[in-house]
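Novice: Quick paste of what TrEMBL says about this protein:
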type	residues	note
TRANSMEM	B:12-30	transmembrane segment
TRANSMEM	B:62-81	transmembrane segment
TRANSMEM	B:88-107	transmembrane segment
TRANSMEM	B:133-150	transmembrane segment
TRANSMEM	B:162-181	transmembrane segment
TRANSMEM	B:187-208	transmembrane segment
TRANSMEM	B:215-240	transmembrane segment
TRANSMEM	B:246-267	transmembrane segment
């Protein structure tokens, strides 16, 4: 883990059950297997994330990285192996308020118009009793909007936002619950560079507070300095667990937009989008 | 107003008012979930309940409620487990419910084809005092759920996966939406009829969202539109002698058209206000944070 000073942020709402820096892993996934239909997608994945760590899950399309994070939050049932969250076996885990989740989406909108604030407030439900909003809840929502630079758009309809702004709203929704563990599935997909930098800054502030982060990425991009460890998956198996691979060549250039098509998956042994 | 001198018209207007409030209140969650036609399906299934009521000499309203609730739970189960061809399973349920209702009604002595018509298209002036009690009870239930649990239902209908990770009881809330929709269908059955019930769940919401930017405003406006069209439609049907259900639905569509026509100039006005607030194009370098990929000119 990198050295990080942890500044006290003045206007930060205090959480009663602040994370205790025990050495118990936040996520402990051991020998996990899972399949979608008849196809095995995870074939014995070990993934440990310790408190305060920022772990990136990398791999080609279809390598199982999305399935791996979705199994961690119980959205894909494991067919084998063990999972515990915050030291509690998954079956007995119920402390969902400690987890903030950013699903892989291109839109934050539903069938009815909703304002940015309404969508972000939905992320606060885990911490409110019976959905009644108190002052602390409103300020947490406002703080989350400020973190992603969307506070001035709070009253706008989400239908009027750009792709990058949708992603910022989805991340603010996860941050509104003041989670100890932030799980993000491709948060940078389809996000313009300006939004990517806003999101990287927001994430840096969360990490400075001691938030643990697990994120699925196609490539490291502006988040690279924040990543402590990278876990690379290929065909449902972990093929690398250690320091993040260094981007080289064209991919290392600032502002490189990863839009060119990949070669056939079988043509190269490892498709992380980082080493090619 | 002489219209209020008759007890049957008083009941009709109160029933219309209640339907105008409840139908859009649950309909907004169905629209949010992009299941605008679910109310229509429940209406078809409820007809089997009406037929069963006639055949067993039980109250058609309560039997319709029971069968509609059962049907909506089955639809929810199909949505959970049969994602592959859920649309076909739902089609079976819709048309099976319709056919079952017609068949059962013909088998019973009391139910005639004329009777069938009043359930399909509504017959607001035949609302009895007993019906009113049922309507009050069911409407109170619908309002308690749609208003009391609005934040939870909003989250679940917007993004189920996220709601599950928030720790919300998503399956329970989904069932609650389905059951509430079923109850609303039977509340509205007498006023607009089973075939037109879904219109009152969807059209006021569609009209309201032409002009609104937030969920809360859409909710309030949809309920307001629902009340206006049901009361206006019922009053019109008294003076002009036209069927209440059809009049209400056509009024709602008229309002939708008017709101859509208003929406374009309003959007233009909002865009103009936004550009006047300094969001237009300028060569000035912005004062705040400059994006790293900004190109200096």
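Note that Cβ sites are derived from N, Cα and C of the backbone, with glycine treated the same way.
Can you walk me through where each of these features ends up in the structure?
Specialist: Same-chain neighbours of the transmembrane segment (B:62-81): 38, 41-43, 45-50, 52-53, 56, 89-90, 93, 97, 119, 134, 138, 171, 174-175, 178-179, 181-183, 185-186, 189, counting only residues six or more beyond its ends whose CB sits under 8 Å from a CB of the stretch.
The list of residues near the transmembrane segment (B:88-107) in space but at least 6 beyond its ends in sequence, with Cβ under 8 angstroms from a Cβ of it, reads 40-41, 44-52, 54-55, 67, 71, 74-75, 78, 82, 113, 115-116.
Residues 15, 18, 21-22, 25-26, 28-29, 59, 61-62, 65, 127, 173, 176, 180, 183-184, 186-187, 190, 219 of the same chain lie 6 or more positions beyond the ends of the transmembrane segment (B:133-150) yet place their CB under 8 Å from a CB of it.
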Novice: For the transmembrane segment (B:246-267), I need the partner stretch with the highest count of C-beta pairs below 8 angstroms, choosing only from B:12-30, B:162-181, B:187-208, B:215-240.
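Specialist: Stretch with maximum Cβ contacts: B:187-208.
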Novice: Cβ under 8 Å to the transmembrane segment (B:215-240), counting only same-chain residues 6 or more beyond its ends: which ones?
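Specialist: Residues 3, 9, 12-13, 16-17, 19-21, 23-25, 27-28, 32, 124, 150, 154, 191-192, 200, 204-205, 207-209, 247-252, 255 contact the transmembrane segment (B:215-240) from elsewhere in the chain.
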